[in-house]
Ligand code: BT5
């Protein structure tokens, strides 16, 4: 009902719509409309009312409100169910809870702020109020559990496309970062629940630093993190970016189901900031150095070391500045 009221107010942008007209079109009492207007004001919409003229939408809050997102979605299923929070512990935790309860594929969880935003391996993720997109998407892919890491690659390509459309020429660092000039703009955390031979669900968590000012990052992140607004020197609409991202994500996910992962891997390679670079690999059990050569069909990183080829399935990679000989 609130989305419908907003649609009517928007149709008359800058003008008034009478309570009587709204109540006729939506077939609800004027008291009910008054209550919805109060609720919208509580959400941060600025709506002026006039005893004779009715209601006029003045400003929309800078929040990722479902009422702002739903009417503009271009997807068939991703984002059609939105769970929106002002504050949450972690959108991934919430998405996993919903997925365990059987929520539909494509359900998304959004928060203005995360109190315990998570990276991989119990690391933290800085998620300040209304500055970024803190998003989790529930998918139920048909492919086998060992192929789940491909979801991270797919999400990274979708993210890179959406970020590049804002004008930021970002690259992907294996396995889960979107970087600009070596600084992290986006982190992706994919979590899975599966049986031996089938995936129950995958939750893709994405954190995008959109409008965080450089000075707002905690001291320890200042040299390694950046935001779209810092790069572009202007504020970026989080709603526009989110809608573009969900669109790209669904496009690639559908493509992966129909054609397999090859085209996505090919695009990942083109967008990669890791391939061809000298890297230090911090694996689960050991560390080594080499040149990042490629990613294989499963999304593992292939590194050329002095001892031969190494396949890295999980871990961290840092790109080293090239030494004189390597140059
Ligand atoms: C990641 O882990 O990069 C995955 C981050 C995923 C965050 C999203 S937000 C929505 C969803 N809900 C969650 O709770 N999480 C997901 P990793 O590669 O382990 O990197 C973590 C490291 O990045 C930290 O140890 C910090 O060094 C750094 N970091 C933390 N916050 C950051 C930020 N806002 N921007 C850039 N770097 C950050």
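Quick reminder: no glycine exception, Cβ is built from N, Cα and C everywhere.
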Which listed span TrEMBL calls DNA-binding region, if the choices are 19-38, 39-58: 19-38
Structural state of residue 90 (biotin binding site), classified by DSSP into three states: coil
Largest separation between Cα atoms (Å) of residues that the record links to biotin, namely 90, 91, 92, 114, 118, 119, 120, 184: 20
Secondary structure of residue 184 (biotin binding site) (DSSP, helix/strand/coil): strand
Most crowded position, judged by CB atoms within 10 A, among 90, 91, 92, 114 as binding-site residues: 91
Residues of the DNA-binding region (19-38) by DSSP state, where helix covers H, G and I: 17 helix, 0 strand, 3 coil
Residues near residue 118 (biotin binding site) in space but at least six apart in sequence (CB under 8 A): 90, 92, 93, 124, 125, 189, 205
